[in-house]
Amino acid sequence: MQLLRCFSIFSVIASVLAQELTTICEQIPSPTLESTPYSLSTTTILANGKAMQGVFEYYKSVTFVSNCGSHPSTTSKGSPINTQYVF
């Protein structure tokens, strides 16, 4: 009798834990870039016969990964370099 009661309690606990651990598959967001550059570099550039100072901003891509179901999916965006020229 005690053994049946123990199994009954165990099955209730297992059911509650299974509900808590259920994975919810949602649409993953669109890929984005960080709003601030992680690095900057400068160099002197000669363009159209004029010397300029080039400022290069490097951005990291934010990648979202979903491992729901049998087909994992990701969204990512390339890490661009933003170039600015200072005269």
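In case you wondered, yes, glycine gets a Cβ from its N, Cα and C as well.
Bear in mind that the values here come from a model prediction, so they are computed numbers and not experimental data.
Copied from Swiss-Prot, the annotated features are:
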type: CARBOHYD; residues: Thr22; note: O-linked glycosylation site
type: CARBOHYD; residues: Ser30; note: O-linked glycosylation site
type: CARBOHYD; residues: Thr32; note: O-linked glycosylation site
type: CARBOHYD; residues: Ser39; note: O-linked glycosylation site
type: CARBOHYD; residues: Thr63; note: O-linked glycosylation site
type: CARBOHYD; residues: Ser66; note: O-linked glycosylation site
type: CARBOHYD; residues: Thr75; note: O-linked glycosylation site
type: SIGNAL; residues: 1-18; note: signal peptide
Integer Cα-Cα distance in angstrom, Ser30 (O-linked glycosylation site) to Ser39 (O-linked glycosylation site): 24
Thr63 (O-linked glycosylation site) and Thr32 (O-linked glycosylation site), Cα-Cα, nearest whole angstrom: 7
Inter-residue Cα distance where the pair is Ser39 (O-linked glycosylation site) and Thr63 (O-linked glycosylation site), in Å: 19
Cβ contacts of Ser39 (O-linked glycosylation site) (under 8 Å, same chain, 6 or more positions away): Glu57, Tyr58
Cβ atoms near Thr32 (O-linked glycosylation site) (within 10 Å, other residues, all chains): 14
Fewest Cβ neighbours within 10 Å, where candidates are the glycosylation sites Ser30, Thr63: Ser30
Coarse DSSP state, helix versus strand versus coil, of Thr63 (O-linked glycosylation site): coil
DSSP-derived structure type at Thr32 (O-linked glycosylation site), helix or strand or else coil: strand
DSSP-derived structure type at Ser39 (O-linked glycosylation site), helix or strand or else coil: strand
